[in-house]
Amino acid sequence: MRLHVADHPLVAHKLTVLRNKDTASPTFRLLVDELVTLLAYEATREVHTEPYRITTPVTETVGVKIADPRPLVVPILRAGLGMLEGMTRLLPTAEVGFLGMQRDETTLEAITYANRLPEDLSGRQCFLLDPMLATGGTLVAAIDYLFGLGARDVTAVCLLAAPEGLKVLEAAVGDRVDVKVVVAAVDERLDENAYIVPGLGDAGDRLYGVV
Ligand SMILES: O=P(O)(O)OC[C@H]1O[C@H](OP(=O)(O)OP(=O)(O)O)[C@H](O)[C@@H]1O
Ligand SMILES: O=c1cc[nH]c(=O)[nH]1
Ligand SMILES: [Mg+2]
């Protein structure tokens, strides 16, 4: 597994506003969108391309285009949905699939309640979107799900990760070199309720809950 932590003052600035408990849903959604677009630039660094011949006003030349099969972007509902527009802005030709997963707040186990994905993911580059990597249970289950459908190249784009969750992920998928995690920041720890500290609270509620 490879981990990339964004190191950019704009990311740090936007993340600070996002963390602030006084930032209301409309601004929160806007900032998530902007942050994902910044992270998407790094997450798509290894997107497959193929040569593409064009004619400029001056001459013929060979450029590149995103290769077939198209990449697949998979937001993990609910909170991952807030990251979809920011990602597809950079990858407009990507196919979009959905995984609905919820962490049981007592057992902390991730439960899959919905999926709408292509049947065969062999040869597809997959981008999982979920703002929070806390215990890692959700992301491990999501990656296993995609691998079960044949995927072998998965990049997870997250806003915040806890060191505990990264360890769990490393133990689960560490030997798979084609699993990459791109995060805006790695926080300090998890609290007694397995919330990320300092974190930003419940990402789903802040995106779609009470303003
Ligand atoms: O790493 P984990 O400990 O598994 O926790 C992280 C998960 O928890 C949150 O989702 P939640 O279950 O709250 O669902 P929601 O997006 O519908 O709010 C978050 O968006 C992740 O999916
Ligand atoms: O800090 C956390 C942990 C899990 N899910 C969230 O939304 N926030
Ligand atoms: Mg939630």
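Placement of Cβ uses the backbone N, Cα and C atoms for every residue, glycine included.
Keep in mind that TrEMBL annotations are predicted by a computer and have not been checked by a curator.
Among the candidates Arg53, Arg103, Arg116, Arg152, the one that TrEMBL lists alongside Arg78, Asp130, Pro131, Met132, Leu133, Ala134, Thr135, Gly136, Gly137, Thr138, Asp202 as binding 5-phospho-alpha-D-ribose 1-diphosphate is Arg103. Secondary structure at Thr138 (5-phospho-alpha-D-ribose 1-diphosphate binding site), as computed by DSSP, is helix. The least crowded of the binding-site residues Gly136, Gly201, judged by other CB atoms within 10 A of its own CB, is Gly201. Most Cβ neighbours within 10 Å, among the binding-site residues Asp130, Asp202: Asp130 holds that distinction in the structure as shown. Considering only the binding-site residues Ile196, Gly201, Asp202, Ala203, the residue whose Cα is spatially closest to the Cα of Asp130 (5-phospho-alpha-D-ribose 1-diphosphate binding site) is Ala203.
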